[in-house]
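**Q** Here it is: the structure, laid out below.
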Number of protein chains: 2
Amino acid sequence: MSRFSQLPSNELFKALESAASKDTLPDTMTLLDAVRFNAEGLLPAIAQQHDTKEVLMMAWMNREALEETLATHRVCYYSRSRKKLWRKGESSGQQQHLKSAALDCDGDTLLLEVEQTGPACHTGRRSCFYLSLNDKQAHINSEPLIDPAELYGNQ
Amino acid sequence: MSRFSQLPSNELFKALESAASKDTLPDTMTLLDAVRFNAEGLLPAIAQQHDTKEVLMMAWMNREALEETLATHRVCYYSRSRKKLWRKGESSGQQQHLKSAALDCDGDTLLLEVEQTGPACHTGRRSCFYLSLNDKQAHINSEPLIDPAELYGNQ
C-alpha cells in the first residue's frame, strides 16, 4: 500500500513532489484518476524518439487513448479534428511503439519515448517541428523523407 | 519577397507543408499572425535542453511572451495561474537561454531548444517529467538536484 493512495485526487500531484525513487506510488489507474485533463478531456502528449531524443510531434490524448497506449504499447492519440481515437500510423503505416511514458509535476502533460517508424509528420518529414524561426526570419529546417502522397495513397 | 507572403493567414501553414529549405519564407511577424493560439490566446511550448536533448518541461506562451523570447533569447512563458508573463527563473534563478525555436506543421505548438541553468522543475528536479508510468504502476524517475526551499527561499 502506498502512503499516497489515501489522498484525494486533487492533492495527489502536489504530494508526489516530495516522493523519492524508492517510494511505492499509487497504481496507474489511481494516478490517471488524478490526471488534469483539460476542459475537453484532453492531455497534451509529446512524442520523443527514444534513442536520438529528437522531439517528433505533440498531439492530444483522452483517457481512453492513454489507457490503450499504456496497455498495447502502440501509441494512440485522440484526433481533435476527426473527434475519435487515432492510432498513429493507421493510415500512413508510420506507427509509434511506446518505450516509456512520464507525467509532469502537475499531472497535465505527458512525455512519451517512442520508436517511430519512418516519418512522424504527415508531410513526410521525420519531425513536425520543421519551421525554425528567429526574431526576424523563418526557414524550413528539414526535407521530407517520403513523398506524403506515398504515405497516404489516394485517400 | 516570399511567394508565401500573399497568402491569407489561415492558409499559410498548409502552403508551407510543401516548402523546402532553400525557399524564402515570410518574415517572423507574418508567421506569428498565422500561429494558431488556442481560445485563451496561448500556445504550448516544449523546452528541450539543446545538447543532451532532454525534454525539460512544457508551458504556455501568449504572443507577447513568444515575441519577447525571440527578441531577448531569455525564455518567457505566460503563467496561467498567475495570469501574467513569467520570465523563467525570475524567482528561482533557474533561467532558460534560447538556442533555437521551431513551430510544428500546423502552427499550434512550439519547440524550444534551450540552455537550462540548473533544474527546470520547481521541485528541484532537472526535468518536470519525473513520474514514469506503465499500464499498472508508477515510479519517480529522478531526484531533486537542489532542495526547492533553496530555489525559492521564504517566498
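Just so you know, glycine gets a Cβ as well, placed from its N, Cα and C.
TrEMBL entries are annotated by machine, without manual review.
The structure displayed is predicted, hence computed values, not measured ones.
I grabbed these lines from TrEMBL:
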BINDING   B:Asp104, B:Asp106, B:Asp108  Mg(2+) binding site
BINDING   B:Cys105, B:Cys121, B:Cys128  Zn(2+) binding site
DOMAIN    B:57-130  domain 'Phosphoribosyl-AMP cyclohydrolase'
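Help me see these features in their spatial surroundings.
**A** Residues near B:Asp104 (Mg(2+) binding site) in space but far in sequence (CB under 8 A, at least 6 apart, same chain), listed by position: B:Leu110, B:Leu111.
Cβ neighbours of B:Cys105 (Zn(2+) binding site) (same chain, under 8 Å, six or more residues apart in sequence): B:Phe13, B:Glu17.
Secondary structure counts, DSSP: the domain 'Phosphoribosyl-AMP cyclohydrolase' (B:57-130) has 10 helix, 29 strand, 35 coil.
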